[in-house]
(Lines of atoms letter the chains of each structure in order from A and count residues from 1; the text may use other names and numbers.)
(Lines give C-alpha, C1' and ligand atoms only; values in the text may rest on other atoms or scores of the structure.)
Protein backbone atom coordinates (compact mmCIF):
# COMPACT_ATOMS: atom_id res chain seq x y z
CA UNK A 1 0.00 0.00 0.00
CA UNK A 2 1.14 3.48 -0.84
CA UNK A 3 2.45 5.58 2.03
CA UNK A 4 -0.07 8.40 2.28
CA UNK A 5 0.24 11.73 4.04
CA UNK A 6 -2.86 12.25 6.16
CA UNK A 7 -2.27 16.01 6.29
CA UNK A 8 -2.52 16.30 2.50
CA UNK A 9 -5.80 18.08 1.66
CA UNK A 10 -6.17 18.58 -2.04
CA UNK A 11 -9.55 16.98 -2.82
CA UNK A 12 -12.10 17.59 -0.05
CA UNK A 13 -9.40 16.65 2.47
CA UNK A 14 -8.81 13.30 0.77
CA UNK A 15 -5.77 11.72 -0.93
CA UNK A 16 -5.16 13.21 -4.37
CA UNK A 17 -5.58 9.78 -5.91
CA UNK A 18 -9.28 9.88 -5.00
CA UNK A 19 -9.82 12.67 -7.53
CA UNK A 20 -8.36 10.41 -10.23
CA UNK A 21 -10.67 7.52 -9.34
CA UNK A 22 -13.63 9.92 -8.94
CA UNK A 23 -13.07 11.29 -12.46
CA UNK A 24 -12.53 7.83 -13.93
CA UNK A 25 -15.73 6.42 -12.46
CA UNK A 26 -17.70 9.59 -13.30
CA UNK A 27 -16.87 9.22 -17.00
CA UNK A 28 -17.23 5.43 -17.00
CA UNK A 29 -20.73 5.70 -15.51
CA UNK A 30 -21.53 8.54 -17.93
CA UNK A 31 -20.53 6.20 -20.73
CA UNK A 32 -22.41 3.17 -19.33
CA UNK A 33 -25.69 4.88 -18.46
CA UNK A 34 -25.62 7.11 -21.52
CA UNK A 35 -25.41 4.10 -23.80
CA UNK A 36 -27.99 2.18 -21.78
CA UNK A 37 -30.44 5.11 -21.95
CA UNK A 38 -30.74 4.80 -25.74
CA UNK A 39 -29.84 1.14 -26.37
CA UNK A 40 -33.34 -0.34 -26.37
CA UNK A 41 -34.65 2.47 -28.61
CA UNK A 42 -31.79 1.91 -31.07
CA UNK A 43 -32.51 -1.81 -31.18
CA UNK A 44 -36.17 -1.46 -32.16
CA UNK A 45 -36.11 1.83 -34.12
CA UNK A 46 -37.09 1.18 -37.73
CA UNK A 47 -34.27 0.85 -40.25
CA UNK A 48 -36.19 3.23 -42.53
CA UNK A 49 -36.63 5.96 -39.90
CA UNK A 50 -34.81 9.29 -40.16
CA UNK A 51 -32.85 8.23 -37.08
CA UNK A 52 -32.50 4.60 -38.11
CA UNK A 53 -32.02 1.72 -35.71
CA UNK A 54 -31.78 -2.05 -36.15
CA UNK A 55 -35.52 -2.64 -36.57
CA UNK A 56 -35.74 -5.55 -34.11
CA UNK A 57 -39.07 -6.48 -32.50
CA UNK A 58 -39.57 -4.66 -29.18
CA UNK A 59 -39.77 -7.93 -27.26
CA UNK A 60 -36.44 -9.07 -28.66
CA UNK A 61 -34.86 -5.66 -28.05
CA UNK A 62 -35.86 -5.74 -24.37
CA UNK A 63 -34.54 -9.29 -24.00
CA UNK A 64 -31.17 -8.30 -25.49
CA UNK A 65 -30.83 -5.34 -23.09
CA UNK A 66 -31.67 -7.64 -20.16
CA UNK A 67 -29.10 -10.24 -21.21
CA UNK A 68 -26.54 -7.48 -21.67
CA UNK A 69 -27.15 -6.32 -18.08
CA UNK A 70 -26.98 -9.89 -16.78
CA UNK A 71 -23.62 -10.53 -18.43
CA UNK A 72 -22.18 -7.21 -17.22
CA UNK A 73 -22.68 -8.28 -13.60
CA UNK A 74 -21.63 -11.87 -14.33
CA UNK A 75 -18.38 -10.60 -15.83
CA UNK A 76 -17.37 -8.91 -12.56
CA UNK A 77 -16.33 -12.36 -11.33
CA UNK A 78 -13.91 -12.62 -14.24
CA UNK A 79 -12.62 -9.09 -13.68
CA UNK A 80 -11.86 -9.69 -10.02
CA UNK A 81 -10.10 -12.95 -10.81
CA UNK A 82 -7.95 -11.41 -13.57
CA UNK A 83 -6.84 -8.63 -11.20
CA UNK A 84 -6.05 -11.01 -8.32
CA UNK A 85 -4.27 -13.70 -10.33
CA UNK A 86 -2.93 -12.22 -13.57
CA UNK A 87 -2.58 -8.47 -14.09
CA UNK A 88 -3.12 -6.61 -10.83
CA UNK A 89 -5.99 -4.17 -10.29
CA UNK A 90 -4.33 -1.18 -11.93
CA UNK A 91 -3.63 -2.76 -15.31
CA UNK A 92 -6.96 -4.61 -15.25
CA UNK A 93 -8.82 -1.31 -14.85
CA UNK A 94 -6.95 0.31 -17.73
CA UNK A 95 -7.43 -2.70 -20.01
CA UNK A 96 -11.13 -2.76 -19.10
CA UNK A 97 -11.41 0.91 -20.01
CA UNK A 98 -9.81 0.27 -23.40
CA UNK A 99 -12.26 -2.57 -24.12
CA UNK A 100 -15.25 -0.40 -23.14
CA UNK A 101 -14.01 2.41 -25.38
CA UNK A 102 -13.62 0.04 -28.32
CA UNK A 103 -17.12 -1.29 -27.64
CA UNK A 104 -18.69 2.15 -27.82
CA UNK A 105 -16.72 2.93 -30.97
CA UNK A 106 -18.13 -0.27 -32.50
CA UNK A 107 -21.66 0.86 -31.59
CA UNK A 108 -20.96 4.19 -33.26
CA UNK A 109 -20.36 2.41 -36.59
CA UNK A 110 -23.30 1.66 -38.94
CA UNK A 111 -22.61 -2.06 -39.36
CA UNK A 112 -25.85 -3.41 -37.89
CA UNK A 113 -26.08 -6.58 -35.82
CA UNK A 114 -22.44 -7.50 -36.40
CA UNK A 115 -21.15 -4.36 -34.71
CA UNK A 116 -23.83 -4.69 -32.00
CA UNK A 117 -22.68 -8.11 -30.81
CA UNK A 118 -18.99 -7.19 -31.01
CA UNK A 119 -19.69 -3.96 -29.10
CA UNK A 120 -21.71 -5.60 -26.34
CA UNK A 121 -19.08 -8.31 -25.89
CA UNK A 122 -16.32 -5.71 -25.49
CA UNK A 123 -18.36 -3.53 -23.10
CA UNK A 124 -19.42 -6.52 -21.00
CA UNK A 125 -15.86 -7.79 -20.62
CA UNK A 126 -14.43 -4.30 -20.09
CA UNK A 127 -17.00 -3.30 -17.46
CA UNK A 128 -16.40 -6.57 -15.61
CA UNK A 129 -12.69 -5.77 -15.47
CA UNK A 130 -13.07 -2.11 -14.46
CA UNK A 131 -16.09 -1.95 -12.15
CA UNK A 132 -15.12 -4.22 -9.20
CA UNK A 133 -11.45 -3.25 -9.23
CA UNK A 134 -11.81 0.52 -9.21
CA UNK A 135 -13.87 0.31 -5.99
CA UNK A 136 -11.14 -1.87 -4.53
CA UNK A 137 -8.53 0.74 -5.51
CA UNK A 138 -10.38 3.40 -3.50
CA UNK A 139 -9.93 1.31 -0.37
CA UNK A 140 -6.20 0.95 -1.03
CA UNK A 141 -5.73 4.73 -0.96
CA UNK A 142 -6.15 4.59 2.83
CA UNK A 143 -4.57 2.74 5.70
CA UNK A 144 -7.00 0.62 7.73
CA UNK A 145 -7.03 3.11 10.61
CA UNK A 146 -7.51 6.21 8.38
CA UNK A 147 -10.66 8.01 9.55
CA UNK A 148 -11.12 9.51 6.08
CA UNK A 149 -11.95 6.14 4.48
CA UNK A 150 -15.78 6.26 4.79
CA UNK A 151 -15.93 9.86 3.60
CA UNK A 152 -13.72 8.93 0.67
CA UNK A 153 -16.10 6.18 -0.40
CA UNK A 154 -19.05 8.58 -0.06
CA UNK A 155 -17.32 11.08 -2.37
CA UNK A 156 -16.58 8.26 -4.81
CA UNK A 157 -20.28 7.28 -4.87
CA UNK A 158 -21.16 10.92 -5.60
CA UNK A 159 -19.05 10.60 -8.75
CA UNK A 160 -21.00 7.51 -9.77
CA UNK A 161 -24.34 9.27 -9.29
CA UNK A 162 -23.23 12.46 -11.06
CA UNK A 163 -22.12 10.52 -14.13
CA UNK A 164 -25.34 8.51 -14.12
CA UNK A 165 -27.44 11.66 -13.73
CA UNK A 166 -26.16 13.74 -16.63
CA UNK A 167 -25.63 10.87 -19.09
CA UNK A 168 -29.28 10.48 -20.21
CA UNK A 169 -29.58 14.24 -20.74
CA UNK A 170 -26.52 14.50 -22.99
CA UNK A 171 -26.24 11.11 -24.69
CA UNK A 172 -30.02 10.65 -24.74
CA UNK A 173 -30.72 14.05 -26.28
CA UNK A 174 -28.13 13.61 -29.04
CA UNK A 175 -28.81 9.91 -29.58
CA UNK A 176 -32.59 10.16 -29.88
CA UNK A 177 -32.85 13.71 -31.19
CA UNK A 178 -30.06 13.62 -33.78
CA UNK A 179 -28.49 10.22 -34.45
CA UNK A 180 -28.07 7.06 -32.38
CA UNK A 181 -24.52 6.47 -33.61
CA UNK A 182 -23.59 10.02 -32.64
CA UNK A 183 -24.96 9.33 -29.16
CA UNK A 184 -22.82 6.20 -28.88
CA UNK A 185 -19.87 8.31 -30.04
CA UNK A 186 -20.41 10.61 -27.05
CA UNK A 187 -20.31 7.57 -24.78
CA UNK A 188 -17.00 6.59 -26.40
CA UNK A 189 -15.63 10.10 -25.86
CA UNK A 190 -16.63 9.85 -22.20
CA UNK A 191 -14.60 6.65 -21.87
CA UNK A 192 -11.61 8.29 -23.55
CA UNK A 193 -11.80 11.01 -20.87
CA UNK A 194 -11.95 8.25 -18.23
CA UNK A 195 -8.88 6.53 -19.66
CA UNK A 196 -6.89 9.75 -19.81
CA UNK A 197 -7.87 10.74 -16.25
CA UNK A 198 -6.87 7.31 -14.94
CA UNK A 199 -3.61 7.03 -16.89
CA UNK A 200 -2.45 10.54 -15.97
CA UNK A 201 -3.59 10.46 -12.33
CA UNK A 202 -2.31 6.95 -11.60
CA UNK A 203 1.22 7.80 -12.70
CA UNK A 204 1.24 10.92 -10.53
CA UNK A 205 -0.61 9.85 -7.40
CA UNK A 206 -0.55 6.06 -6.88
CA UNK A 207 1.88 4.36 -9.29
CA UNK A 208 2.46 1.37 -6.97
CA UNK A 209 -1.11 0.61 -5.82
CA UNK A 210 -2.60 -2.41 -7.59
CA UNK A 211 0.44 -2.78 -9.80
CA UNK A 212 0.90 -6.50 -9.11
CA UNK A 213 -1.69 -9.28 -8.61
CA UNK A 214 -2.41 -10.03 -4.96
CA UNK A 215 -2.39 -13.82 -5.50
CA UNK A 216 -0.32 -14.36 -8.66
CA UNK A 217 -0.20 -17.63 -10.56
CA UNK A 218 3.02 -19.57 -10.84
CA UNK A 219 4.27 -20.46 -14.31
CA UNK A 220 2.61 -23.90 -14.30
CA UNK A 221 -0.78 -22.52 -13.23
CA UNK A 222 -0.53 -19.76 -15.82
CA UNK A 223 0.21 -22.31 -18.56
CA UNK A 224 -2.75 -24.47 -17.49
CA UNK A 225 -4.96 -21.40 -17.46
CA UNK A 226 -3.98 -20.43 -21.01
CA UNK A 227 -4.69 -23.98 -22.22
CA UNK A 228 -8.08 -24.00 -20.48
CA UNK A 229 -8.93 -20.55 -21.83
CA UNK A 230 -8.05 -21.63 -25.37
CA UNK A 231 -10.30 -24.69 -25.07
CA UNK A 232 -13.18 -22.62 -23.67
CA UNK A 233 -12.89 -20.05 -26.47
CA UNK A 234 -12.84 -22.79 -29.14
CA UNK A 235 -15.86 -24.54 -27.60
CA UNK A 236 -17.72 -21.21 -27.33
CA UNK A 237 -17.05 -20.39 -30.99
CA UNK A 238 -18.18 -23.86 -32.09
CA UNK A 239 -21.29 -23.61 -29.91
CA UNK A 240 -22.05 -20.16 -31.29
CA UNK A 241 -21.73 -21.51 -34.86
CA UNK A 242 -23.87 -24.60 -34.17
CA UNK A 243 -26.55 -22.49 -32.52
CA UNK A 244 -26.72 -20.32 -35.62
CA UNK A 245 -26.73 -23.29 -38.00
CA UNK A 246 -29.51 -25.03 -36.07
CA UNK A 247 -31.93 -22.18 -36.71
CA UNK A 248 -30.64 -18.97 -38.33
CA UNK A 249 -34.09 -17.36 -38.05
CA UNK A 250 -34.28 -17.98 -34.30
CA UNK A 251 -30.58 -17.50 -33.54
CA UNK A 252 -30.97 -14.38 -31.41
CA UNK A 253 -33.78 -15.90 -29.32
CA UNK A 254 -31.87 -19.17 -28.86
CA UNK A 255 -28.75 -17.24 -27.88
CA UNK A 256 -30.75 -15.26 -25.32
CA UNK A 257 -32.19 -18.49 -23.88
CA UNK A 258 -28.74 -20.09 -23.49
CA UNK A 259 -27.34 -17.00 -21.74
CA UNK A 260 -30.41 -16.83 -19.45
CA UNK A 261 -29.73 -20.39 -18.31
CA UNK A 262 -26.07 -19.53 -17.62
CA UNK A 263 -27.11 -16.47 -15.59
CA UNK A 264 -29.37 -18.62 -13.41
CA UNK A 265 -27.06 -21.64 -13.02
CA UNK A 266 -23.86 -19.79 -12.00
CA UNK A 267 -25.17 -18.57 -8.59
CA UNK A 268 -26.40 -22.09 -7.81
CA UNK A 269 -22.90 -23.43 -8.50
CA UNK A 270 -21.43 -20.74 -6.22
CA UNK A 271 -23.77 -21.63 -3.35
CA UNK A 272 -23.06 -25.37 -3.70
CA UNK A 273 -19.31 -24.66 -3.77
CA UNK A 274 -19.47 -22.67 -0.53
CA UNK A 275 -21.83 -25.05 1.30
CA UNK A 276 -19.71 -28.10 0.48
CA UNK A 277 -16.34 -26.47 1.16
CA UNK A 278 -14.35 -27.89 4.07
CA UNK A 279 -13.11 -24.35 4.75
CA UNK A 280 -16.60 -23.30 5.93
CA UNK A 281 -17.31 -23.82 9.64
CA UNK A 282 -20.74 -24.91 10.91
CA UNK A 283 -21.52 -21.44 12.30
CA UNK A 284 -20.57 -19.89 8.96
CA UNK A 285 -22.79 -22.42 7.16
CA UNK A 286 -25.76 -21.30 9.27
CA UNK A 287 -25.11 -17.68 8.30
CA UNK A 288 -24.79 -18.75 4.67
CA UNK A 289 -28.20 -20.42 4.98
CA UNK A 290 -29.62 -17.14 6.28
CA UNK A 291 -28.24 -15.40 3.19
CA UNK A 292 -30.30 -17.55 0.80
CA UNK A 293 -33.70 -15.86 1.43
CA UNK A 294 -32.01 -12.46 1.20
CA UNK A 295 -30.38 -13.47 -2.09
CA UNK A 296 -33.68 -14.70 -3.53
CA UNK A 297 -35.41 -11.52 -2.36
CA UNK A 298 -32.68 -9.44 -3.99
CA UNK A 299 -33.35 -11.24 -7.28
CA UNK A 300 -37.01 -10.19 -7.10
CA UNK A 301 -36.05 -6.62 -6.24
CA UNK A 302 -33.47 -6.25 -9.01
CA UNK A 303 -35.79 -7.90 -11.53
CA UNK A 304 -38.23 -5.02 -11.02
CA UNK A 305 -35.63 -2.27 -10.67
CA UNK A 306 -33.65 -3.26 -13.76
CA UNK A 307 -36.77 -3.13 -15.94
CA UNK A 308 -36.32 0.65 -15.97
CA UNK A 309 -34.07 0.32 -19.04
CA UNK A 310 -36.46 -2.04 -20.84
CA UNK A 311 -40.16 -2.07 -19.94
CA UNK A 312 -40.24 1.37 -18.33
CA UNK A 313 -38.17 2.79 -21.20
CA UNK A 314 -40.63 1.37 -23.75
CA UNK A 315 -43.62 2.61 -21.72
CA UNK A 316 -42.08 6.07 -21.52
CA UNK A 317 -41.64 6.25 -25.28
CA UNK A 318 -44.96 4.73 -26.32
CA UNK A 319 -47.37 5.65 -23.52
CA UNK A 320 -46.23 8.83 -21.77
CA UNK A 321 -47.08 12.35 -22.91
CA UNK A 322 -43.78 13.57 -24.35
CA UNK A 323 -45.05 17.14 -24.88
CA UNK A 324 -46.69 18.05 -21.55
CA UNK A 325 -47.90 21.52 -20.61
CA UNK A 326 -47.03 22.60 -17.08
CA UNK A 327 -47.83 26.07 -15.72
CA UNK A 328 -48.86 27.18 -19.19
CA UNK A 329 -45.54 26.16 -20.78
CA UNK A 330 -45.24 23.23 -23.21
CA UNK A 331 -42.15 21.08 -22.79
CA UNK A 332 -40.67 18.32 -24.93
CA UNK A 333 -39.32 15.21 -23.21
CA UNK A 334 -36.97 12.74 -24.85
CA UNK A 335 -37.93 9.26 -23.53
CA UNK A 336 -34.31 8.56 -22.59
CA UNK A 337 -34.49 11.39 -20.05
CA UNK A 338 -36.64 9.22 -17.80
CA UNK A 339 -33.50 7.20 -17.03
CA UNK A 340 -32.09 10.10 -15.00
CA UNK A 341 -34.94 9.78 -12.48
CA UNK A 342 -33.26 6.74 -10.91
CA UNK A 343 -29.99 8.47 -9.89
CA UNK A 344 -31.84 11.74 -9.21
CA UNK A 345 -34.03 10.22 -6.50
CA UNK A 346 -31.06 8.26 -5.11
CA UNK A 347 -29.23 11.58 -4.68
CA UNK A 348 -32.30 13.30 -3.16
CA UNK A 349 -33.35 10.49 -0.81
CA UNK A 350 -29.95 9.20 0.37
CA UNK A 351 -29.32 12.04 2.89
CA UNK A 352 -32.80 11.48 4.35
CA UNK A 353 -32.15 7.78 4.97
CA UNK A 354 -28.65 8.43 6.34
CA UNK A 355 -30.05 10.97 8.79
CA UNK A 356 -32.89 8.60 9.75
CA UNK A 357 -30.55 5.67 10.50
CA UNK A 358 -28.19 7.93 12.44
CA UNK A 359 -31.08 9.24 14.52
CA UNK A 360 -32.49 5.78 15.24
CA UNK A 361 -29.08 4.30 16.00
CA UNK A 362 -29.52 0.91 17.68
CA UNK A 363 -33.31 1.23 17.35
CA UNK A 364 -33.25 1.10 13.54
CA UNK A 365 -34.94 -1.89 11.83
CA UNK A 366 -33.01 -5.09 11.27
CA UNK A 367 -31.66 -6.09 7.87
CA UNK A 368 -34.64 -8.41 7.30
CA UNK A 369 -37.18 -5.68 8.04
CA UNK A 370 -35.40 -3.22 5.75
CA UNK A 371 -35.35 -5.82 2.97
CA UNK A 372 -39.03 -6.60 3.46
CA UNK A 373 -40.10 -2.95 3.47
CA UNK A 374 -37.88 -2.23 0.46
CA UNK A 375 -39.47 -5.03 -1.54
CA UNK A 376 -42.95 -3.88 -0.59
CA UNK A 377 -42.19 -0.33 -1.75
CA UNK A 378 -40.76 -1.68 -4.99
CA UNK A 379 -43.91 -3.71 -5.55
CA UNK A 380 -46.08 -0.67 -4.78
CA UNK A 381 -44.15 1.32 -7.40
CA UNK A 382 -45.40 -1.11 -10.04
CA UNK A 383 -48.95 -1.02 -8.70
CA UNK A 384 -48.76 2.74 -9.31
CA UNK A 385 -48.02 1.96 -12.96
CA UNK A 386 -51.31 0.05 -13.26
CA UNK A 387 -53.28 3.24 -12.62
CA UNK A 388 -52.82 4.98 -16.01
CA UNK A 389 -54.16 1.90 -17.80
CA UNK A 390 -56.98 1.31 -15.31
CA UNK A 391 -58.12 4.94 -15.35
CA UNK A 392 -57.78 5.80 -19.05
CA UNK A 393 -57.02 2.62 -20.96
CA UNK A 394 -53.76 1.61 -22.61
CA UNK A 395 -54.25 3.05 -26.09
CA UNK A 396 -53.60 6.73 -25.33
CA UNK A 397 -50.85 8.68 -23.60
CA UNK A 398 -50.57 9.28 -19.87
CA UNK A 399 -48.90 11.94 -17.75
CA UNK A 400 -45.13 11.71 -17.30
CA UNK A 401 -45.74 12.33 -13.60
CA UNK A 402 -46.76 8.67 -13.20
CA UNK A 403 -43.16 7.71 -13.96
CA UNK A 404 -41.83 10.37 -11.58
CA UNK A 405 -43.99 8.96 -8.77
CA UNK A 406 -43.05 5.38 -9.64
CA UNK A 407 -39.32 6.13 -9.54
CA UNK A 408 -39.62 8.08 -6.27
CA UNK A 409 -41.26 5.11 -4.50
CA UNK A 410 -39.00 2.53 -6.13
CA UNK A 411 -35.79 4.38 -5.25
CA UNK A 412 -36.93 4.63 -1.63
CA UNK A 413 -37.19 0.84 -1.81
CA UNK A 414 -33.74 0.57 -3.34
CA UNK A 415 -32.18 2.55 -0.49
CA UNK A 416 -33.66 0.00 1.91
CA UNK A 417 -32.28 -2.96 -0.05
CA UNK A 418 -29.11 -2.15 -2.00
CA UNK A 419 -26.74 -0.65 0.63
CA UNK A 420 -28.05 -3.08 3.25
CA UNK A 421 -27.50 -6.00 0.89
CA UNK A 422 -23.90 -4.97 0.27
CA UNK A 423 -23.26 -4.67 3.98
CA UNK A 424 -24.90 -7.94 5.02
CA UNK A 425 -23.09 -9.83 2.24
CA UNK A 426 -19.77 -9.05 3.92
CA UNK A 427 -21.12 -9.77 7.42
CA UNK A 428 -22.54 -13.20 6.55
CA UNK A 429 -19.61 -14.25 4.36
CA UNK A 430 -17.49 -17.25 5.42
CA UNK A 431 -13.91 -16.17 6.07
CA UNK A 432 -12.64 -18.25 3.16
CA UNK A 433 -15.16 -16.73 0.73
CA UNK A 434 -15.19 -13.01 1.51
CA UNK A 435 -14.66 -11.83 -2.06
CA UNK A 436 -16.94 -14.51 -3.50
CA UNK A 437 -19.82 -13.31 -1.31
CA UNK A 438 -19.48 -9.82 -2.76
CA UNK A 439 -19.62 -11.47 -6.17
CA UNK A 440 -22.80 -13.25 -5.04
CA UNK A 441 -24.47 -9.90 -4.41
CA UNK A 442 -23.67 -8.81 -7.97
CA UNK A 443 -24.89 -12.20 -9.20
CA UNK A 444 -28.32 -11.49 -7.71
CA UNK A 445 -28.60 -8.61 -10.18
CA UNK A 446 -27.20 -10.79 -12.96
CA UNK A 447 -29.73 -13.55 -12.29
CA UNK A 448 -32.60 -11.07 -12.12
CA UNK A 449 -31.78 -9.74 -15.56
CA UNK A 450 -31.35 -13.25 -16.96
CA UNK A 451 -34.91 -13.89 -15.77
CA UNK A 452 -36.02 -10.53 -17.19
CA UNK A 453 -34.80 -11.64 -20.61
CA UNK A 454 -37.52 -14.28 -20.48
CA UNK A 455 -40.37 -12.23 -18.99
CA UNK A 456 -39.98 -8.76 -20.54
CA UNK A 457 -41.22 -9.99 -23.95
CA UNK A 458 -44.57 -10.62 -22.23
CA UNK A 459 -45.06 -6.86 -21.86
CA UNK A 460 -47.24 -5.15 -24.48
CA UNK A 461 -50.20 -2.78 -24.56
CA UNK A 462 -52.71 -5.61 -24.14
CA UNK A 463 -50.93 -6.98 -21.06
CA UNK A 464 -49.71 -3.71 -19.53
CA UNK A 465 -52.02 -3.56 -16.51
CA UNK A 466 -51.76 -7.27 -15.76
CA UNK A 467 -47.95 -7.24 -16.09
CA UNK A 468 -47.48 -4.33 -13.70
CA UNK A 469 -50.08 -5.73 -11.28
CA UNK A 470 -48.70 -9.27 -11.13
CA UNK A 471 -45.07 -8.13 -10.90
CA UNK A 472 -45.91 -5.57 -8.21
CA UNK A 473 -47.92 -8.08 -6.17
CA UNK A 474 -45.04 -10.57 -6.32
CA UNK A 475 -42.71 -7.91 -4.89
CA UNK A 476 -45.15 -7.10 -2.08
CA UNK A 477 -45.76 -10.78 -1.24
CA UNK A 478 -42.03 -11.55 -1.07
CA UNK A 479 -41.58 -8.54 1.22
CA UNK A 480 -44.39 -9.71 3.51
CA UNK A 481 -42.98 -13.26 3.62
CA UNK A 482 -39.62 -11.87 4.72
CA UNK A 483 -41.28 -9.99 7.58
CA UNK A 484 -43.18 -13.13 8.62
CA UNK A 485 -40.08 -15.37 8.71
CA UNK A 486 -37.68 -12.76 10.09
CA UNK A 487 -37.23 -14.51 13.47
CA UNK A 488 -35.83 -17.83 12.14
CA UNK A 489 -33.64 -15.92 9.66
CA UNK A 490 -32.29 -13.65 12.41
CA UNK A 491 -31.61 -16.74 14.53
CA UNK A 492 -29.50 -18.20 11.71
CA UNK A 493 -27.70 -14.86 11.31
CA UNK A 494 -26.45 -15.06 14.89
CA UNK A 495 -24.81 -11.80 15.95
CA UNK A 496 -25.46 -10.12 12.58
CA UNK A 497 -28.39 -7.70 12.48
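Backbone N, Cα and C define each Cβ position, glycine as well.
Summarising the annotation, Swiss-Prot assigns topological domain 'Cytoplasmic' to 1-36, 84-92, 135-154, 201-224, 274-293, 355-372, 445-497. Here Swiss-Prot flags 37-55, 65-83, 93-111, 116-134, 155-173, 182-200, 225-243, 255-273, 294-312, 336-354, 373-391, 426-444 as transmembrane segment. Feature annotation from Swiss-Prot assigns topological domain 'Extracellular' to 56-64, 112-115, 174-181, 244-254, 313-335, 392-425.
The residues of the topological domain 'Extracellular' (392-425), classed with DSSP into helix (H, G, I), strand (E, B) and coil, number 26 helix, 1 strand, 7 coil. Looking at which of 93-111, 116-134, 155-173, 255-273, 373-391 has the most CB pairs under 8 Å to the transmembrane segment (37-55), the answer is the stretch 155-173.
When pLDDT is averaged over the topological domain 'Cytoplasmic' (135-154), the result is 78.
In the topological domain 'Cytoplasmic' (135-154), helix, strand and coil residues by DSSP number 12 helix, 0 strand, 8 coil. The stretches the transmembrane segment (426-444) and the transmembrane segment (65-83) meet in space: the count of Cβ pairs below 8 angstroms, excluding pairs fewer than 6 apart in sequence, reaches at least three. When each of the listed stretches 65-83, 155-173, 255-273, 373-391 is scored by C-beta pairs under 8 angstroms to the transmembrane segment (294-312), 373-391 comes out highest. Of the two recorded stretches, the transmembrane segment (182-200) lies close to the transmembrane segment (93-111), with three or more CB pairs under 8 Å once pairs fewer than 6 apart in sequence are set aside. Within its own chain, the topological domain 'Cytoplasmic' (274-293) is flanked in space by residues 424-425, 428, 430-433, 436-437, 440, 482, 485, 489-490, 492-494, 496, which lie at least six positions past its ends and keep a Cβ under 8 Å from the stretch.
Ranked by the number of CB pairs under 8 Å to the transmembrane segment (255-273), the listed stretches 65-83, 155-173, 225-243, 373-391 are led by 65-83. Within the chain, the topological domain 'Extracellular' (174-181) has long-range Cβ neighbours (under 8 A, six or more residues past its boundaries) at 34, 37-38, 41-42, 45, 51-53, 107-110, 334-336. Tertiary neighbourhood of the transmembrane segment (225-243): same-chain residues 85-86, 217, 251, 254-255, 258, selected by CB-CB distance under 8 Å and a gap of 6+ residues from either end. Secondary structure of the topological domain 'Cytoplasmic' (274-293), assigned with DSSP and counted as helix (H, G, I), strand (E, B) and coil, comes to 15 helix, 0 strand, 5 coil.
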